[in-house]
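See below for the structure under consideration.
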Amino acid sequence: MEQTKRGKVVVTGSFITDIAVFTSRFPADGETVPGRSIQFGPGGKGSNQATAASRAGAEVIMITKIGTDFMGEIARTHYKNENMTQKYVYTQEGGETGSAIIEINAETAENRIIVLKGANDALTKEEIDQAEAEFQECDVLLTQLEASQISVLESIRLARRYGKTVVLNPAPAGEIDEALFGEIDYFTPNETEAEFYTGIRVTDEQTAERAADRLLDKGVKNVIITLGKIGVYAKTKEFQGIVPAFRVKAVDTTGAGDAFNGGFCAALAEGKSVRDAVSFANALAALSVTRRGTSPAMPYRGEIEKC
Ligand code: ATP
Ligand code: RIB
């Protein structure tokens, strides 16, 4: 899929330092098991999504907050290497950068995560407002629920003010004001998040459709539910149904949802149809699960186009 226009995506959300340990099996309660390897790297849902969108060809403005510890330097180095602006990478004096302990089962590629949000939770309304001109100029806002609640609300308010497309990836799942649903153009939960907001256990196309209908009743305009290696169920104004995942050998699925969301928004921002944007994002996410890590695993435009 050739790039015709470079879209602009504002991403507000978390930067997290990921500490990922690969093991042959997860320990039971009270048990110690040997690890196979450990990997430190840049992560966090917001930052992973921003990295995916940027590598996919979008101009990305990342708005986040880090601490004054050594992990904040991992963020700064990452954005420098990715040629992403640090104008809105705020610092909480004396604060701790977000961090996550990730266990990855090297046999199944499944993961378990404990996340400490740290400075992400201190991202303020005023800090979002400093980027108002970026909201005015962008095509799409992409946000999640891993930074402060006020930053999410203010981002959505600003994007709506300028008539921009609002994409909310409701991860990690948490309570949101019912009134907010009506402000969202694309709501992009995974299966467990879809269940959290609807009470419907999502396992296949039929249950995904029922969950999507319930979310539409709440007021969101379009629903895209990611279903892991099955792919995606979409119920949008443009089309409905399953868009299958690409078949790959997964080695680490951490951040697959972030890869999808970043790719989807980059594609929407450059004017692709929703169907094409979902396919593009599926390709991006499939490539990402064939590599270890989260942000570092995001593929570049040329790789996605060859998929
Ligand atoms: P995470 O929480 O780890 O970021 P997630 O649960 O939010 O992930 P998933 O639904 O697992 O997200 O995956 C997102 C997308 O990534 C899927 O819709 C699909 O396109 C792609 N994907 C995930 N796992 C695989 C896989 N094993 N093979 C191919 N594509 C995959
Ligand atoms: O979605 C994956 C991300 O969630 C990881 O990078 C980790 O930081 C957690 O927040």
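In case you wondered, yes, glycine gets a Cβ from its N, Cα and C as well.
Model, not experiment: these values are computed from the prediction.
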Substrate site partner of Ile16, Thr17, Asp18, Gly44, Lys45, Gly46, Ser47, Asn48, Asp258 (as recorded in TrEMBL), chosen from Glu146, Glu154: Glu146
Segment assigned the feature coiled coil in TrEMBL (from 63-105, 106-148): 106-148
Rounded inter-Cα distance in Å - Glu146 (substrate binding site), Lys229 (ATP binding site): 24
Contact set, same chain, for the coiled coil (106-148): CB under 8 Å, 6 or more residues outside the stretch: 7-16, 22-26, 36, 44-46, 49-50, 53, 61, 63-67, 72, 87-88, 90-92, 95-100, 154-156, 158-159, 161-162, 164-174, 176, 250-254, 261-262, 265, 268-270, 289
Where the C-beta lies under 6 angstroms from ligand 1, the matching binding-site residues among Ile16, Asp18, Lys229: Lys229
Cβ neighbours of Ser288 (K(+) binding site) where a neighbour is any other Cβ within 10 Å: 32
C-alpha spacing of Lys45 (substrate binding site) relative to Leu227 (ATP binding site), in angstrom: 17
